[in-house]
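**Q** The domain 'ABC transmembrane type-1' feature in TrEMBL is assigned to B:97-311. Annotation source TrEMBL lists region 'Disordered' at B:1-26. The transmembrane segment annotation in TrEMBL covers B:34-66, B:101-122, B:134-156, B:185-207, B:238-258, B:290-311.
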Amino acid sequence: MGDPALSRRGFLAASAAAGLSMTALSGCGGDSDGGSSGTTTIEWWNISTTEPTKSVWAALAKKFEAQNPKVKVKIVQLENDAYKSKMTALTASGKLPDIFHTWGGGVLKQQVDAGLVEDLTDRTKPWADGLLSVAKEPYLLDEKAYGIPFDIGMIGFWYNKALFKQAGISTPPTTWSGFLDAVGKLKAKGITPLALAGKEKWPGMYYWAYLAMRTAGADALQKANDDKDFTSAEFVQAGQHLKDLVDLQPFQKGFLGAAYSTPTGQAAAVGNGKAAMELMGQWAPVVEADAGKGLGGDLGFFPFPAVEGGKGAITEVFGGGGGHALRQGAPQAAVDFLKFFASESTDLELVKKTGVLPVVPSAESAIADPNIKAVQAQLKGATGFQLYLDQAYAPALGQEVNDSVAALIAGSKSAEQVSESITKVAKEEQ
Amino acid sequence: MTSTFLPDKRTGPDTDVPPPAAGKARGRARRRTLNWFTAVGFQLPALVLFGVLVLLPILFALYAAFFRWGGFGMPSDYIGVDNFTRLFDDPVFLGDLWRCLVLVLLSLALQLPFALAMAVLLNQKVRGRAVYRMLFFAPYVLSEAITGVLFSMIFAPDDGLADRLLGGIGLDGLGGEWFADPSTVMATLFLVMTWKYFGFHMMLYLAGLQSIPRELTEAALIDGANAWQRFRNVTLPLLAPTLRISVFLSVIGSIQLFDLVWVTTAGGPDHHSETMAVTMFQYGFKRYQVGYASAISVVMFGISLVFALAYQRFVLRRDLEGATTTMRGGGK
């Protein structure tokens, strides 16, 4: 009786052992990759999961491999949110990929503070000096460069020229009071002046951040973060200016529940001509055409207006881009790859095919769209720069800014309360 | 060593075996050890998985709730019960508790009675009742995420199906901003919850109704009871065990509500539809204040646990007698 049972058990044990040794073997296989044969494999983690960028980048990796026969590039692509959570886990585990996507700012600083990121200042100096300086800004921490940009952009107003004409607005406003006037004129004609994705909170934060830059100056947001104090009169004023706008009821019906890129969201409202403006980044035209019909030639761009009497100028930009950083101790091949990726020929291709803004100044000849040219001109002439707050600040603080500005827009918080609650969270962190 | 040691310990139940037959006893003992090892061997993988994936995280969350911790490395900044005092000072979290209570009460007062009415109706001989049953149950099969996306479109202000439909029949006044208006968002959310879950409770009740012997209703009929009396005094008491389970599931579901809210409103506008689970997610995965988020999860766990135990002890006792409680009353 015992025998068959035993043999069955024996079989199970044997197969379990076989399974284990298989995993062990495959584990070895993974580790020995690219060691002895003289080729180096560099892992490149990015978030370009959509076409055409996906295949353009893959082709660029092939080109780099052809130029450097001893280097293999292994591409790992993750969707934006999945990438962020995966990177959080990797940062906690203490090992990052050779080359990885970064937005700079607070998250990059966290990784740098943990000793996980390579200091690129000296190794990239000879060729990185020529890159657009505003584009390099997000990756500079304590005057050291920890990343190389491939894209840069900024927030500004995207508007419908036809609707502006209909309301009798001949030129886009350059001052805040002029802007409020324009909103009034549009409303008088029965046109919804602004589209806003209230459900997602970050688009509303742009208004407050820009107003704070215009009233308190371009470096005030960074300084307030360092001092953990957002209660200065200028920040309260910024909130007050936003309140003035909200009181005009400029947003589309149901904006508190609207998303950004869905068919009933903010971008679609502008893209379908239902709202005259949105405050959004350089990607806005693409999303407007994707979620809605798109405005084509009727779409225009103007920078966020200056606030009368404020310390900031209309030439100071709020924005950010995309870049690559290297893990601490990444091979030389990874640095070579960054150089290749920031070269003029690569940038020309990226600008032409994937619609990013050039980081190599000479590549701007490849921009065809007049609106993108306007954005580029604004960026080139930028006299000050502030990185997106959710990247510049610690996560909790960035979220609190979004949250309390959303409350101000919904009418449940005053300008003072916004400053207070942001300061409270800033003080709690560390 | 074990084979010589174990038989001595295990003689307790085997005292009927006479001493001369020690070899036989030892054989039995060995088989018993073997059985024990087999049992443990088969259970070990499941126990390890349960321990690592369920028990350990619960205990760890309980531990992390007493620290200020950002999720990197191990928690080290011990702050006692600060997270909990902060929690019960936070108007958003107190609002979560209130909204949870509102949803529970609305479910018990409207959703479940509605499900019961439909179940009683579809227990009659109605033409095409199988079709109705299937249709009403169908929403339950959809995932909450898909339901959420669907209803965000239906309740989109102006352009959504709901507003268009109401406009089409001249009832524009009833339309509105649904999820986008702080004053209507909870009602809209409850409407969607009811749409999704009443079919499930209806199915439970139908199963319960069908296990009630027809003879009892017939006997009541012969005794001259009218339809309401038959329902009130025969059907309802016999359906009580099913009702009690259904209430239990509904309450626990309301406490843990997340997916539907996250997809439709993300807790907005301005926190007016936020639930405990949404707040926990915001702090844990958006703000990386994992210690504080752990405190929220501990409170959620506590509320669920206290409710579950109290409900089992005081309400489900009759139904569970002999199953999970003691055998008291089993002889009756």
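Start at 1 and count along the chain as shown; that gives each residue its number.
Each Cβ is built from the backbone N, Cα and C atoms, and glycine gets one as well.
Since this is a predicted model, take the numbers as computed values, not measurements.
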**Q** Using a Cβ distance cut-off of under 8 Å, indicate which of B:34-66, B:134-156, B:238-258 has the most pairs with the transmembrane segment (B:185-207).
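**A** The stretch I would name here is B:134-156.
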**Q** So which of B:34-66, B:101-122, B:290-311 is most in touch with the transmembrane segment (B:238-258), counting Cβ pairs under 8 Å?
**A** B:101-122
**Q** Are there residues at least six beyond either end of the transmembrane segment (B:34-66) with Cβ under 8 Å to its Cβ atoms? List them, or say none.
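**A** Hits for the transmembrane segment (B:34-66): 75, 78-81, 83-84, 290-291, 294-295, 297-298, 301.
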